[in-house]
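Before any comments, here is the structure.
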Amino acid sequence: MAAQGFLLIASFLLILLVLAKPLGSGLARLIAAVPLPGVAGIERILWRTLGITDHEMNWRQYLLALLTLNLLGLGILFCLLFWQEWLPLNPQRLPGLSWDLALNTAVSFVTNTNWQAYSGESTLSYFSQMAGLTVQNFLSAATGIAVVFALIRAFTRQNVHTLGNAWQDLVRITLWILFPVALIIALFFIQQGVPQNLSAYQPITTLEGAKQLLPMGPVASQEAIKMLGTNGGGFFNANSSHPFENPTALTNLAQMLAIFLIPAALCFAFGEAAGDRRQGRALLWAMSFIFVVCVAVVMWAEVQGNPHLLAAGADSSVNMEGKETRFGVLASSLFAVVTTAASCGAVNAMHDSFTALGGMVPMWLMQIGEVVFGGVGSGLYGMLLFVLLAVFIAGLMIGRTPEYLGKKIDVREMKMTALAILVTPMLVLLGSALAMMTDAGRSAMLNPGPHGFSEVLYAVSSAANNNGSAFAGLSANSPFWNCLLAFCMFVGRFGVIIPVMAIAGSLVSKKVQPASQGTLATHGALFIGLLIGTVLLVGALTFIPALALGPVAEHFSLP
């Protein structure tokens with residue numbers, strides 16, 4: 001089993017790196033605002049048609065453009081969901097959503113969280129899925145990538161005040177990166193058996209003679225961008241454990257690769273844009289190390305079996321509860337770590353049924369900010385925040401002004417870095433405390449004791465860090481939970497983006513200082529270790545008390 005796990009991890013990372021490197025080169029061209037080959041003429045027509053100028057924006061203008069797009073999308077999506085019954089492509093005649101569920105769902109998909117307090121096949125029409133959720137899957141992913149583009153330009157430019165044109169970046173990211181790659185993935189899914197139609201649900205008779213209604217819909221197209229954009233919201237309630245979303249072992253591998261593809265490619269793009277590929281590789285090494293360790297821990301925990309079943313005399317050599325037999329325990333464990341290391345949240349197994357330690361690792365990966373590869377764009381700018389914190393700590397130890405890529409890191413940058421890093425832990429801890437203090441919060445818990453608390457902590461961690469996965473033993477479709485999690489999702493997304501853009505605006509105007517003998521090398525093994533230590537230290541100090549009350553207590557209470 002250990003050899004199989006090693007081969008699975010190694011082959012996954014090898015294929016990922018082979019695919020990510022060429023995509024990173026394309027992303028680097030977009031960061032430099034250089035049109036991809038053969039599309040310059042098309043872009044000129046688009047700019048004239050859409051009224052987009054070549055005028056570059058400062059950080060406030062860039063941020064305002066992104067906020068305007070996202071708030072407009074939030075309002076439109078809310079209306080689509082609330083008045084769903086009056087809109088077309090609703091063969092099952094499904095009613096509109098309640099105001100609190102519509103708000104929660106709209107915020108969820110606009111913020112790239114895709115938390116779902118509903119069952120897709122029994123709640124949403126095809127029009128809501130296509131014109132509402134799928135569109136936001138593209139736009140929320142493009143927003144995250146645009147933010148990291150602006151931050152990377154802040155490091156690579158000097159003595160200017162502009163970070164690019166947000167509208168041009170959003171169009172280029174969507175048309176030349178997200179759409180073509182998602183199209184290829186969708187065609188592969190269709191070939192593997194994922195439905196793509198607008199048919200009404202199909203009544204069938206099973207082999208046992210029972211009547212059943214099979215859900216249909218444009219699944220493959222949404223599934224592709226769901227994974228590529230690290231969105232994670234499933235067309236069906238069972239998400240990627242549903243055979244219509246994830247029918248084969250090949251689609252399972254393709255989905256995991258799609259989740260990490262752009263986050264890994266952005267590391268290569270960062271190195272190329274910075275003029276030193278070692279900088280991108282250093283971040284990639286740090287992410288990969290944490291990722292491999294986490295996968296190994298989850299695989300080990302799940303292979304141990306379920307102690308409750310063993311105590312009852314059942315044969316439980318491995319913990320297969322909540323897992324699909326077509327994937328097995330190792331692929332399910334790998335998927336769980338991939339989806340929570342990134343801000344995806346798609347699941348091919350029920351995380352609520354993992355062992356205590358096996359479920360704690362995905363929860364912790366979310367709590368540290370999902371900087372291990374992370375979401376498209378958000379993972380890299382989140383890791384760069386920890387880079388700034390790491391060079392600041394190193395500067396304190398050696399008595400030098402911290403700098404990164406030749407840019408001095410001053411008080412303003414560190415204040416914004418601290419604010420961005422502290423936003424999500426505050427939301428998680430305060431939100432969990434509020435839920436446990438109120439009857440409305442506790443009434444949603446279907447399990448008592450440490451596991452019940454873990455379900456609450458996981459839900460708020462998932463929302464605040466824009467992941468979207470859940471311990472399914474929480475009945476979260478209530479006004480209290482819909483509003484609480486919507487607030488956490490919105491602040492967790494834009495409460496980090498705003499200080500990141502402020503950092504970019506401050507750094508872009510600074511001059512690049514030449515390296516000297518006292519300059520900390522940020523591409524070597526020493527700095528990689530310092531960066532990993534910084535991520536682990538912040539995660540440990542912030543969340544160990546809460547984790548001790550949940551999964552740790554549950555683990556030590558096992559028979």
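The backbone N, Cα and C atoms fix where each Cβ goes, and this holds for glycine too.
Among the features that Swiss-Prot reports, transmembrane segment is placed at 27-47, 63-83, 132-152, 170-190, 253-273, 283-303, 327-347, 356-376, 379-399, 416-436, 484-504, 524-544 (among others), with the record citing sequence analysis.
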If contact means at least 3 Cβ pairs within less than 8 Å, sequence distance 6 or more, would you call the transmembrane segment (170-190) and the transmembrane segment (27-47) in contact?
yes
Folded-back contacts onto the transmembrane segment (283-303), same chain, C-beta under 8 angstroms, at least six residues removed:
1, 5, 9, 13, 264, 267-268, 270, 318-319, 329-330, 332-334, 336-337, 341, 354-358, 361-362, 365, 371-373, 379-380, 383-384, 387, 528, 531-532, 535-536
Among 27-47, 132-152, 327-347, 416-436, 524-544, point out the range having the most Cβ pairs under 8 angstroms from the transmembrane segment (356-376).
327-347
Tertiary contacts of the transmembrane segment (27-47) (same chain, 6+ residues out, Cβ under 8 Å):
53-54, 145, 149, 152-153, 156, 164-165, 168-169, 171-173, 175-177, 262, 265-266, 268-269, 272-273
Looking at 132-152, 253-273, 379-399, 416-436, which one has the highest count of Cβ pairs under 8 angstroms to the transmembrane segment (524-544)?
379-399
Tertiary contacts of the transmembrane segment (253-273) (same chain, 6+ residues out, Cβ under 8 Å):
12, 15-17, 19-21, 23-28, 31-32, 141, 145, 148, 152-153, 156, 177, 181, 185, 188-189, 223-224, 227-230, 240, 246, 279-281, 283-284, 287, 334-335, 338-339, 342, 344, 346, 348, 373-377, 379-380
Same-chain Cβ contacts of the transmembrane segment (416-436) under 8 Å, 6 or more residues past its ends?
367, 369, 385-386, 388-389, 392, 442, 444, 453, 456-457, 459-461, 463-465, 481, 484, 488, 491-492, 495-496, 499-500, 502-503, 506, 538, 542-543, 546
Could you pull out which residues elsewhere in the chain have a CB under 8 Å from any CB of the transmembrane segment (327-347), counting only those six or more residues past its ends?
1, 4-5, 8-9, 12, 112-115, 226-227, 230-234, 239-241, 249, 252, 255-256, 259-260, 263, 287, 290-291, 294-295, 298-299, 302-303, 318-320, 354, 358, 361-363, 365-366, 370, 372-375, 378-379, 462, 465-469
Cβ under 8 Å to the transmembrane segment (132-152), counting only same-chain residues 6 or more beyond its ends: which ones?
27, 30-31, 59, 62, 66, 69-70, 73, 76-77, 80-81, 109-112, 114, 124, 163-164, 166, 169-170, 173-174, 177-179, 182, 218, 221-222, 225-226, 228-231, 233, 262, 266, 269-270, 273-274, 375-378, 380-381, 384, 497, 500-501, 503-504
Sequence-remote partners of the transmembrane segment (379-399) [C-beta within less than 8 Å, at least six residues beyond its ends]:
144, 147-148, 151, 230, 263, 266-267, 270, 283, 286-287, 342-343, 369-373, 409, 413-414, 417-418, 420-421, 496, 500, 503, 518, 520, 522, 527, 530-531, 533-535, 538
